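To start, the structure under review is shown below, and the notes come after it.
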Amino acid sequence: MAYDAFGKPGYGPDFNSAFSPGMGGGAGFNEYDQSSQPSVDRQQGAGNKLRPVTIKQILNASQVHADAEFKIDGVEVGQVTFVGVLRNIHAQTTNTTYQIEDGTGMIEVRHWEHIDALSELATDTYVRVYGNIKIFSGKIYIASQYIRTIKDHNEVHFHFLEAIAVHLHFTQKANAVNGANAPGYGTSNALGYNNISSNGAANSLEQKLAEYSLTPAQMTVMQAIHSAPETNEGVHVRQLAQSVGPGIDLTAVTDFLQQEGIIYTTIDENHFKSVLQDQ
């Protein structure tokens, strides 16, 4: 499930995944093409354990002192991997910076090597990032070794499930040591995803929408709207398209949902909010 040196499973010596090792980090999506991956020192240690995280977890990472490893869930982390939508690219003389957001937050990613493979990256597409957490002038950013475009949207969903599983592993272990009750699925605050965390949030939305008898496609769009960060402007149709993936006629679905009075436009015809978010 986790990877040592971008390939070997294992978040740590005591992590026994409920998933098969071959599923680690979306390995089912053939992401580990060794010919295109950066070389990594294979020594064991926190700095060489690749951990799946959300951007919120990165931004909330802590250090004991300036030279210490960053910690997430009280555990030292070195290399991290996350997925998100590439919002901005800024090429400079010595490096290229990318602004990436995943619904839990936004972070700057810096890449110092000019690799031809990165030229295929485009804004408003999902990417996977590998790198290390750094801080400069009080601002956390990611020093990236590798960034690639995500071609199978299932990888996005799998990543968040994996991040939840690892988060629960470490937090449940800590609670057990401290004699506290092990948490169920209350992971939304730590991970930043209010609607990915539990049966509760998802089921609550489904219960509220039950009276509308929505199709699976319409329900998928509603879930995407509620999963996006809640703002006064709502969610842009472009972000919705990225979230729901291909195969859904987004125009037809949003038109229907507007006619039913379930969603409405805000600052322009491309931004939508759910009426349930106002309740």
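Glycine is treated like the rest: Cβ placed from N, Cα and C.
Straight from Swiss-Prot, the features:
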- 26-47: region 'Disordered' (REGION)
- 32-46: compositional bias 'Polar residues' (COMPBIAS)
- 80-140: DNA-binding region (DNA_BIND)
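Taking H, G and I as helix, E and B as strand and the rest as coil, DSSP gives the DNA-binding region (80-140) the counts 5 helix, 37 strand, 19 coil. Across the residues of the DNA-binding region (80-140), the predicted structure has a mean pLDDT of 88.
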